[in-house]
Structure formats: C-alpha cells, structure tokens
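Participant: So that we are looking at the same thing, I have put the structure below in structure tokens.
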Number of protein chains: 4
Amino acid sequence: MPATTTLDLRQLRRAFHRYPEPGWREFYTTAKLVEEVESIGVDELAVGPEAYDPADRMAAPDPEDVRPWMDRAVERGADGDLVEAMAGGNTGLVAVLDRGEGPHVGVRVDIDALYVEESAADDHVPAREGFRSEVDETMHACGHDAHMTWGLAVLDAVKRSDFSGRLTVFFQPAEEVSGGGHPMAESEYATGLDYLFAAHVGLDHPTGEVVAGIERILAMCHVDATFEGTSAHAGKAPNEGDNAMQALGTAIQNAYAIPRHADGMTRVNVGVAESGTASNVVAEEATIHGEARGETTELMEYVKGKLSTTLESAAEMHGCDAHVDVVSESPRVDSDPELARVVADVAGGVDGVETVRTHADFGASEDATFLMGRAQEAGGLATYLVVGTDHPTSHHTSTFDVDERSLPIGVEVLTNAVLSAGETT
Amino acid sequence: MPATTTLDLRQLRRAFHRYPEPGWREFYTTAKLVEEVESIGVDELAVGPEAYDPADRMAAPDPEDVRPWMDRAVERGADGDLVEAMAGGNTGLVAVLDRGEGPHVGVRVDIDALYVEESAADDHVPAREGFRSEVDETMHACGHDAHMTWGLAVLDAVKRSDFSGRLTVFFQPAEEVSGGGHPMAESEYATGLDYLFAAHVGLDHPTGEVVAGIERILAMCHVDATFEGTSAHAGKAPNEGDNAMQALGTAIQNAYAIPRHADGMTRVNVGVAESGTASNVVAEEATIHGEARGETTELMEYVKGKLSTTLESAAEMHGCDAHVDVVSESPRVDSDPELARVVADVAGGVDGVETVRTHADFGASEDATFLMGRAQEAGGLATYLVVGTDHPTSHHTSTFDVDERSLPIGVEVLTNAVLSAGETT
Amino acid sequence: MPATTTLDLRQLRRAFHRYPEPGWREFYTTAKLVEEVESIGVDELAVGPEAYDPADRMAAPDPEDVRPWMDRAVERGADGDLVEAMAGGNTGLVAVLDRGEGPHVGVRVDIDALYVEESAADDHVPAREGFRSEVDETMHACGHDAHMTWGLAVLDAVKRSDFSGRLTVFFQPAEEVSGGGHPMAESEYATGLDYLFAAHVGLDHPTGEVVAGIERILAMCHVDATFEGTSAHAGKAPNEGDNAMQALGTAIQNAYAIPRHADGMTRVNVGVAESGTASNVVAEEATIHGEARGETTELMEYVKGKLSTTLESAAEMHGCDAHVDVVSESPRVDSDPELARVVADVAGGVDGVETVRTHADFGASEDATFLMGRAQEAGGLATYLVVGTDHPTSHHTSTFDVDERSLPIGVEVLTNAVLSAGETT
Amino acid sequence: MPATTTLDLRQLRRAFHRYPEPGWREFYTTAKLVEEVESIGVDELAVGPEAYDPADRMAAPDPEDVRPWMDRAVERGADGDLVEAMAGGNTGLVAVLDRGEGPHVGVRVDIDALYVEESAADDHVPAREGFRSEVDETMHACGHDAHMTWGLAVLDAVKRSDFSGRLTVFFQPAEEVSGGGHPMAESEYATGLDYLFAAHVGLDHPTGEVVAGIERILAMCHVDATFEGTSAHAGKAPNEGDNAMQALGTAIQNAYAIPRHADGMTRVNVGVAESGTASNVVAEEATIHGEARGETTELMEYVKGKLSTTLESAAEMHGCDAHVDVVSESPRVDSDPELARVVADVAGGVDGVETVRTHADFGASEDATFLMGRAQEAGGLATYLVVGTDHPTSHHTSTFDVDERSLPIGVEVLTNAVLSAGETT
C-alpha cells in the first residue's frame, strides 16, 4: 500500500520554475514553500534563523545585495513579515512530522537557482508551455524546482501514511555556492538522524533510471582572493606601482602547478580573475575566484593550504596585500551501501523505473555531504540518490529541462525509502 | 596690438563641462562646436566624415555602442541630421579661416571626455557652482573643455586680427584612446602646415606658467588581445579544457619580462585583464588591454613586436587561439625648438604669465604627435605647449578642475603665437 | 623436491656489489655474468648485440662516453674481445636452457648500478665487511647485485631440476634509465613467452615477505630538451639576446601546470635544469631533463604531448629553438593475477617466508613492463614479484643495503615459480 | 721633457699573459709584480693584507678553493712565504713613491684574468708567437696584462722624473668579479687622493684613439641565491617535495619582470641557474647567479631590492628557504671633466695618438668606481680613461688580443697625466 500524495506535482514544479532565486536570495521561494507546508500541515516548521544559526552560513551575501530580492519577493506577494524575518539572506526552512516512536529520518532537497538567462526558444518546453523564468538572468537550470516538489510531496505522502517516527525535510538554500549545507547540518534539526536521504534529478541518468547511492562526492572549497596594490601611471612611473596584475599572473601560474598528491585525486582551478582599470595604469587591484578539490577531505585541505600560500606569496612578491577567503567548503562523504540497498529495493518496485543502479561515481562536489556526514557521525546512515530524467542539455545551461515523468518517480522512491527505513529499524 | 576675443570663455568652458562625451561619442559636443564656429563665421567648416576619412580612425567603436550617445545628443537639442551624419562615431570638426597670402598655421585642440564619475563634493568647484557633469560616469577630467574654449576663441580672435594666411583649427575627437590624431593628420586639411600648435592645460604646471615646447612625447600603442580556449568542468574533466586563464597568467608574466633595450627607455603594461565565468569552470576566454611605449617609435615597435609574440605563444602553449589587435598608436615627436621660441617670446608678454619654460619632458604619450609629425614631414614646424593651471588633484580624477584664469592666458598665448608665426614667414 | 643451487650466493652478490657500473656501461659486469653462465653451462648464450638489436635501445649513450668504462673493465680483467663486442654500450646478455617439450618461461633481472657514492661508514655493512664499491660515485644502491645473483642461481637450480621446456634468463642492462627493457622485449629471445617473471628485492617490504604480483606500474617517459637562443651582454644590450633562461623559467612553470586528467593519475617533473654561463650574460642555452607519467599509457602520452607543447611554446616565446627528445619510455603493465597466484603458492612453502601478499601497488615505473607486455600480447602471462628485504635506508641512497637472507629466498621463490609454471601447462 | 721608462714593455706584458690567474687567485702574478716593483725601487710596498683589510673584499672565495692556485704559484717559482701571506686569496698590492711636497696622485690597474680557454689557432698572435696562456681554461682576455705593464712602467717613469708629491699605484685584484675595488678604496692608501687615474685598454676603441674620461659607468651588483627545498620521488610522492625547481621557475619569470623605473635605465639578469639531480626527483636545491644594474646607484639599489624580494617570495611560495647574497657591488661614478681635460691635453702630444675623445659612454660596470668615488668624496678628481687598441675580437673571447703598439701609448699618456696633475696643483 504505497503512500501517495494528492499534490499536483507538475503545477508545483512549474510555479517554482517561474520564479527562480539564487542562493541566499530565495525569499519568495521560501515563502511559497512555507505556504505549501502549512497547507499540508506539519508538527514543526522553522524558517530561516529558526532553522539554523545564520553564523554557520557559508558564502553568506552582503545584506545590501539581497535587499532588492526581498523587495521583489514582497511585490510578488510574499508575506512582508516573513520576508523581513529572513533579512540578510537567511532563507530556507525545515519541516518536521513527529509521529510517535520510530527512527529519525531526514530528507534533504535544495531550493536555489542559477544566474543563467533561460532560453526563449520554442523547442525549450518551459518557454513553449508558458512557465519560463520570469526573473532576468536567473533560472532553475539544475532541477531544484523538481527537488522542492519532491520535498513537499514526500511530506504530504508520509503524513498520509502510517509512518511512525520523526521525518525532517530540509529545504536547503544556497547549494550552488556550497552555502547552505553547513548551517543545516549544524542545526538542532539534524540531531540524531538515523537515516538521511539526499536526492538529485538527472545528472546524465535518463528517465526510468535510479542510482541508489552516489559515491566519491569530492571534497571542495571555494576560495576568493583580492590583491591590493598601488596604482601608478604605466608610462611615467611604473616603479611607483605595486602591480596587482603581476601578482595575478604569478598566482595563476603557480596555482595550477600545485603538486599532485600521492594519496589520490586533487583538483585546482582559478575560474574567474579580473584586474585593472585602463591599459595605461598599473593595476591596483585583482580579484580571483578559485576552488580546490580532493578525493578526500584531507586532499582538499592539502590543495587549499597550498593555494593560500601561493596566493599570499604572489601578492607579497609584488608588494600587494592579499586577502584570501575560503568562502565555503564541503567534505567528501560517500553513500552508505546499506541504505543505498534500501533505496534500490524500493526503487525496483516503483512505476516507471526501468533500471536501478546500486551506485555510481559523482566526480564533482555537493554540500549535501554536510548533512550526510552529520548523520553518519551520529551512527546513522546516509545516501545520495539520483532519479534520472531525460534532460535535453547539460545542467547549468539555458536549455536545461526536467522530464516531468521523473516527478512522481522521485516522490515515490523517496517516500517508500522513508517508509522502508522507518520499518527497518 | 594683441587681437582679442569677445567670447565668454568661462561660460563656454562650463557649457562643455556640463555635457562630457567620451571618444568617438562627442555628438552633442561637435554640434555645439559647429554652432559656435558658425556664429563666429569661418571660410570652411568640415564635420566628421568631411573632416577626415573614417577608415583612418583608430580605436573606432562598434557603431551600435555609440547609438545611445547619438540619441541622447538629439534629446539634448543637437540637430538630428548633423548627428546622423556622424553615425558610427565620426565626430569632431575642422574650421578654417582663409585670409589671403601667408603661411598655413594649424591649432589642434581635443574634445573628448573620460569615463570618470565627477565628484559632487562641495569643495569641488563645478559641483558648488552648478556646472557639474550631467552625464553619469563621464567627466571632462583632463581639461579638454578648456581646450575647446581656446580653439573657438583663437578662431574668433584671429578672425578679428589682421592675420594673413590660412588658419586651420582641428577640434580632434578621441584623444584619450589615441583614436582621432591619426585621421586628422591624414586628412587634406593637414596638408602644407607651416606651423602647428598643439596645446594642453595643466599637466602639473601652475597657473601663470607656460611651457613653450614639450619634448619626449613617447611613442605608444594600445594592444587588445583575446584568448579563445575551451571550457570544461574543473572538477570532472580539467583535461578537456584549453585554459584561457593559464594562457593569461603566462602572458602577463612574460609581457612584463620583455627585455629592456640598449637604445633607450621602453614601457610595457597589461592594464586590464579578465577571464572566466565561474570558479568551477575552466575559463574559455580571456581579454587583455595592454600597451607598449618607447622613447622612440622604433623602441615602441620593438616592444609591440615582442608583446605580440608573447601573447601568441602564451595562447598557443595552452591550446587557445589568440586575437591580438593593435587598436591605436602614436609616434614619438618632439617640439621644434624654433617654434617653441616663438611661443616663449609671445608668452612672456601675456598678462598673467609669470614663468616661461622653453621646454619640458612629457614622459607620457599624446596622439597630437600625428599632426605634429605631418607638419614636420612637410617641412613645417610644430610645438606642443602647456598652459599651466592650478589643478587641485591629478588629471583623470573625479576632483580634477581647471583654474579658469588659465582660459584667457591660453587664448592669448595661442592667438599671439599664431599671429607671430604668420608674421615670421 | 625443490631444486637447489650450489652457487655461493653471498659471494656472488658481494662480487657484483664491488664493481658497480651504470646503465649501458655494464662491461665488466656482463663479462663476469658470461663467465658464471658459462660455468653453469647453458644451451644458448647471447651477449649484447647478439641478444638484441642495438637500434632498439633507449637512452643510448654517446659511444665516446662509455669508452673509459670499457677500458676500466679490461683493466680489471674482462676479456678484451668480449668488451669490444659491446662497444658503444651494448651490454647485457640472455642465457637459455632448452630442455625438451614444455612452456617457454622467462626470468628477467637487471644489472645496472647508480651514480651514488657509497657510504664508507662503519655501520654500513658493505663498508664494514669489505665489499664496498670500488668505483667512485657509483654504487649498487637498488639491489641489482642481488637480482643478478638470483638470475644465475635460478639458471643453476633449474638446470639441476627435471624442468621440461625452455627457460630464458634476461640479464637486462640500463633499467635505471629505462633503456634496456625495450630492446630485450623486441628481441627474438622474447618470442613466445608463456610465462615471464620479473623480480625485485626490497621496495619497503621486509625480509620474509613476498609480493606475488605488483600492480599499477606507471607508464613513464624521460624527456630531454635543449633551448638554443642568442647570447648578449646583459648590461649593454639585453634586447640583442634571445634568452634561454627566460624560456626555461616559462617552461618550468607551465610544465607543472599541465592539467590533471579525468581518467586518472598523472605526473610531471622537471628534475634537472641548467642554463647560462655568467651572471652578466644573457643565457644562450638551457637544458632540461624531465619526465611524464600516467596511470595508463594513454595518460602518460597525454602528459608527454602537453609537455612537448609547453617546451616548444616556451622556447618560441623567447625566440629560442627547442629540441625536445623523448629519450626513453615504458608502458603501464600489471601483473596477471593467475601467475601471481602461482608465485604466491610456491612462496608459501619457501623457508624464511613469513608473509605472502598476492598483490601490491607500485606507484613508480619500471621498464620490465616491456617484457611483461610482450608476453601478454602473445597470450602469455607475466608477473612482477617482490622479495622483501630489511633495507636500512631507502633505495638509491648511499647507505642502502640488502639483507642477504633474502638471497636464498629469492632464488627458491623464483626457481619454484619457474618449475611450477612449467608443470601448470 | 717627457719622463720615460727603460722597462721592456712587450716582454713584461707577454710574461703576464703567459700565466693568467682569476680573481683572488693572482698569487704568482702578485709575486711577479712585487719582484718588478722592488727592482724599480719604491718608497712603500704593501702586499695583500698589508694593502687592504681582507674583510672588505667582495666576492671573496672559499679559502680551500684557492689553495691549488697557491701551490701552482710556488711550483712556478713564486716565493713561498709571500704566497702564504696571501693565503685565503688576499692578492694584489700597492706601490708608493713619496717624493716631497705635492699632490697625492693615484693610478689604478687591475691584474686578474678570466676563465676562458685561449685560442691555439695560428692567427692568434699569442699562440703564434709563443706566449699563449699556460694555464688551462684561464686567459688574460680583457687586457689586464697590458694594464699591469702600464702600472709598472708608470712607476718607473715617474721615479725617473722630477715629480714632486705622492704617487700610489693600485694593482687591484679581482676586478672581473667586482671584488677588489672596494677593499682598495677602503684602505689607508686611498686616503687623500687628489687625482685618481684608472685606465683600460681597448673597449672597441682602435689603436691611436684615447678617451679621456668615461661616463655612465653603471652601478651594479652581483647576487647569488640558493633555494633549499625538500627532495621527493616525483612519481611516488610529489607532494612530499618542496620543489626548488618550481621556486627557480617562478624566480626567473618574475625577476625579469621587475618594473622599469621612471628615473632612468635599469637592468636585471639571471645569468646562471642550476637545479636538480635526476629527472625523477623533485629538486632539493637551486642556485642562481644574477645581477642588477642601474644608471645611478639608487636605481641599482631599487632593482637589487626588488630582486631580493622576488627571490625570497618565490622560495617561500614553494616551501623553500632562500639564501640571497649580494656578493659584490660597485657604484655609479663618472669621470670628472676637469681631470679628463688634463688627460686629453697630454694625450694630444703623445706619439701614436691620432684621436682624442674627451668623453664616451661606458654602458657597463667597473669596480674602479670605488676608488674614483673615494677620491671624489675627499674633494679630489678622478677619471677613467681608455687607451684604444686594435683588438681582433671582443673582450672576454678566446681570440682577444692587444695591439702592443698601445703599450707605450698607455704608459706615456698615464705618466704625463700624472706629471701634469702634479704640476697643476
């Protein structure tokens, strides 16, 4: 007797899709989720600063930068008091069903969008069917609209079931900047998790395929750096400058040359760099956005340490001050095979599922690992599962889309996994 | 019997100051100058494409980029047909007085502004006295508003004199990007110049000081470069990228390391660089704005050649395509001491002039050298003179200002120099 | 009935130890081995150019450079004709027992020494017991003296056994420079190998431990590069130089920055670099000795290709000619688990063996992979086994030493493996 | 009545030429000079540590390194006690004539040779006429053999004259490494110099030409650096290394990119670099020999400071220790025109002199500037003069030679300049 939801999944997903908000700016999105959660009815509901300690946030924004997003959310109809409670960018929420004895089961979905201008082409379904993003240069281009839909529907379905125990659904903000995983994992709501399911749609797996447990989610950190030097006229007195451009060049070259490590795979990237104001001026400032990854958290730390040294020495060499900031990071965590088996078992019985893979490699990073790690450290089990979807183009592109057949599949796999975990104990 | 002008110098200068337009965008400015020149009455007046061949322009803009500036000029009251005749950014004008037998004397003033947001502080005169820039992030921060005023007043004063010969005043656009000097120098209006006076206000010389002939105006070129590589996910497949960021780092480091030259002073700068879109993406593209200078044109060419090789090899090393473009350049030219002596002689008799320096070093570059060189090649004489002004802060800053006492001084020095040159022959 | 040898293993090993010769210079060593092999008595014996085609050698030396080693070998008592037959550095030999029907079994041992000055300290056994290297700055610091002893003793023991088939022992020169593996593998003696055993002593495994099959022997190549520029006086005319030093700096930085690869582990190193003649001279020449490695042969090829491009572009950028030469390389090959099992089985019964490990990672490179690959390509099986030894310090150091208890262990493991392989078929 | 010498100039020069010794190794050369000076007869003679304080030496050698040169000097016939008194490399001497009232006049000649293997070709005069260098890879390839001859002959001629005053001839060691100028200038013998003549032969000026006063002798310093890192196996554990090779690459690239200076000409060079021991080892050490120059001493100091920072930051970036050592330096000093005029005047009357140039640019460096500066600081005058010679190839090459017609010219110019200076006062 699988539990079912009465929510209109397609309509929900499209409503979320229409109004995408980037990390730490999900004011309207959070308000909409609160409304839906309240309509379902839960035992506990914590929004923003109630759900986590804002000081635990990573990649937290400048409060002034998010203010326009607050205004727009209110303009669009979000409750003003609710939005104000999230001032400074404390978005996201946690919803809890407390249903008697039984295990504490967590489900984590993420809610933020990307700075991508959505395609208006006719063969792009959201454009053709009228639910294209209404926010300039912002788009749900990674399927988090589907994830939120899953989160709500799982709440609804589990509530309608005979589930016994505690179900916590984490609607996590700011995944794309590795910002929200950490505060969610540090919160009291993440205490005593026996089981934690994190889920993603797509990732190059087709509709009908489910991966029960993702492995090798790389440890990662984002590093921002600014070099502050001294400007000078490049023709009249180049010697009077402390050239941030030269510091930048030295930093780029040496960052990529950080030695490979005996213990496994490492990665380093200087993804964005900018310096200077005019061709005839010695550059006063340079900014860098980079990242370090590792097959293990230790390896990421190794690269991060070397990267910091490289940036600082490059600045020093050219008489500049370096401000190096690790804006966010996430650890390496793997899915527990035992819990993946639970997912695999229930997935086999879900309508529309044709292929069940017990595990697959990830090769990239995800801050769901914070919650997974929190569960595992407390003796619980965690898995990161993928519900395939036929996506026409890559994640993060303007023509990304979700095959909506994967909406009910995801709901059913997650719901049954929650129920099955509940019974397992 | 010094010739005099009846123009209101202060009012003119402030009118120009109020509406600054950057290089190749001086639509309203040109229209205003045309109006004033017509009111003075001249024998020939050539605007934009009539004054020079647009194909000779350097650092010419994308026609679409200048369109908004055309629209705003018309909105402000410029004649629509006149503005349309300058479409694509063919701004500037040449005005000629043809007064019988005598030498061909040229005066060159420049008319463009800078992308600088003007100070609104109370101690900044234009703000306090109500003629601050009305254009966002644009400002006459190098005194070209004074130069235009001089140009008009010299025309007026010479017209009122008994000058015999031909006087051509070049109102040159786009000096700041070394864009307008070349087409002006190539035009028929620059033919047979016996004397050419170029003039600048300030340059760290105080009010009351005149420098009769600037020397060592460095040869210079602006170089733009783009590296086109291949994007890739920095975590999943860094090897699939052709990393424009690495090409950039290599280019910066090696550009500054271009060997010094036995024959004299050289300069190289990478003033602006940008690359990449996100910290986790291998950068597909990088852009560079740089420059090369030399004490002689040959030395500049040496650095320019080395810089091109450096940029191209850096791109090639990292599998990128390099597009290297010399967007503009200007030669080394020195003032002729004979003509500087003429200036020095008349300057000594000008009211308000306390110090006359026969020559001074420049240390930077100026595309007036094109017109100076044209005159010299044809057997004429040229000088670049400076009329000092007490400017509170450096040129190109938001609080730069001109001491308006230097307006009449400049007019009188230039007018008398023109007349004196006319008599010399 | 294990076959046994009557050779004095310790005496043999010490004799080899006393007179170490580096790769392609093993003239006396080869002569000594020939003498021992002849004393054992074999069916075929091929020395130097008879054993392989000299053109197949890698990292082959300049014939003049090896001449002093030939002279010294003769001085020490080697047969002059034999040494002359190896002129140009065609050292090493192959010995064959042809004993009726049965498989073709190969054993590969290496014979070259290293440019290391052996310790004369009292706690260094060879010094204390009087068999320290008699050759300046040359030492058997990697245990090849033990390997040769094993090779001879296996020949002797198998000859005394009832082995049926063909046993070929490859006494391979120039392993340390990856020079001798390739010609040995290309020779007719490597035809139709059903089983190939390569063996090494130590490698951080203690006395009493045997590793039956080494895995992940990295593919590797050695790359030499020379940059030829133009010298100039650094004070008077730096611009007249084409600075090989700058090309070197650019090459080093960019070589280490070759992107990591999605498919697995890669390595790159610039191990030796030299440039210039005097502090006041622009360097005319630079030389580099580097290497590239990969977890697979394809990955090594990827790094090798990038390294070549890097070196060539660095030279081009600075007006130098680059000569890039891949002096030697070896592929990735793994031990066959089936053959490793044979080794593990016999090792378990050998006196003194306490621990048998079926497999272990190598992490470095070895040109035994050429012979292993030759066997595998022909349908045979190959394994690279390690016989542990308590070595006081790392391989390649001046105080490296072999625990001589590992001599009989190695002989017995190898002999029994050969016999067991013979019976398996 | 010009004073004359009875010395056989050609024989002396050839004797010096036959036995060249590099800087701080001029043991035999000093002994030979002492012998000649004693034969002339002087009032004071100070050798090595008597002539200067050894602690003032620059680029002083390791005492052990010079010992073989001491032994060879004694073998060749130098007095053993005298050589021993110079132990550690305290070579060179000062000879003084004290002749009553009058000015203190100094003459400075240098005595060291270069590490160049002299040509044995028939068209090389020293080879053909039998006075080619008898020391391997060492040669008087810069004419110091002629300078010493001048120094002795001037002593002799002045002694035979009616000169009144004090004449000090500085036979300075180690000019080529900028090592001996400083201690000579700091010594008591350099006290109260009224006139100082330093002289050089050749420098691209032909026989018959004399340059009376060299200008723009660049300030210079030699900088040695060592980077100490940590070795590691490049395949097994590159992360365990602190790679001196990477530090070297970073240092080279950034050294050449030290910004040009507004105040004048600067130079920087990394002339020699070495790092690493084997292609598969992360380099533990790197050594650099570099130099900095400037048109003024301040400009040299600017480059020297930047170079030190660059080297230190490059080392730090790669976890290495940097040892940066300014081994020697010399200041910018110009000839005094008044004293040059004295030289020009006497030179005009010397037999064989066809052209007298009052001044010329040098473009390189010379540690004679220490003595020149000492004289000038005390209120005296100094000049650096050139006596032209037809040299077949550049200084510092294996086929450099001196046209011996310039020997008497040099003696006469210097002698008469000394006498003329004496009379001037």
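We count from 1, first residue shown onward.
Using the three backbone atoms N, Cα and C, a Cβ is placed for every residue, glycine included.
These came from TrEMBL, pasted as-is:
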BINDING   D:C142, D:H144, D:E176, D:H200, D:H396  Mn(2+) binding site
DOMAIN    D:222-315  domain 'Peptidase M20 dimerisation'
Participant: Among the binding-site residues D:C142, D:H144, D:E176, D:H200, D:H396, which ones place their CB within a distance below 8 Å of a chain C CB?
Facilitator: none
Participant: So what's the average pLDDT for the domain 'Peptidase M20 dimerisation' (D:222-315)?
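Facilitator: Result for the domain 'Peptidase M20 dimerisation' (D:222-315): average pLDDT 95.
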Participant: Determine which residues of the same chain, besides D:C142, D:H144, D:E176, D:H200, D:H396, have their CB within 8 A of the center of the CB atoms at the recorded Mn(2+) site, and list them by sequence.
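Facilitator: What remains near the Cβ centre is D:D110, D:D112, D:L114, D:H140, D:A141, D:G143, D:E175, D:H395.
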Participant: Helix, strand or coil by DSSP: which one applies to D:H396 (Mn(2+) binding site)?
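Facilitator: SS state of D:H396 (Mn(2+) binding site) = coil.
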Participant: Please work out the helix, strand and coil residue numbers for the domain 'Peptidase M20 dimerisation' (D:222-315) from the DSSP assignment.
Facilitator: 35 helix, 35 strand, 24 coil
Participant: Since the record lists D:H200, D:H396 as binding-site residues, which of them has the fewest other Cβ atoms within 10 Å of its Cβ?
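Facilitator: Minimum Cβ neighbour count within 10 Å, taken over the binding-site residues D:H200, D:H396, occurs at D:H396.
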Participant: Identify, in sequence order, the residues in the chain of D:C142 (Mn(2+) binding site) that are 6 or more apart from it along the sequence and have a CB within less than 8 Å of its CB; answer 'none' if there are none.
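Facilitator: The list for D:C142 (Mn(2+) binding site) reads D:A113, D:L114, D:E176, D:H395, D:H396, D:F400, given in order along the sequence.
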Participant: Can you check what DSSP calls D:H144 (Mn(2+) binding site), collapsed to helix, strand or coil?
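Facilitator: Note: D:H144 (Mn(2+) binding site) is helical by DSSP.
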Participant: Does D:H144 (Mn(2+) binding site) have same-chain partners at least 6 apart in sequence with Cβ under 8 Å from its own Cβ, and which are they?
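Facilitator: Sequence-distant Cβ neighbours: D:F16, D:V109, D:D110, D:I111, D:D112, D:A113, D:E175.
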Participant: Taking the Cβ of D:E176 (Mn(2+) binding site) as centre, how many other Cβ atoms lie within 10 Å?
Facilitator: 22
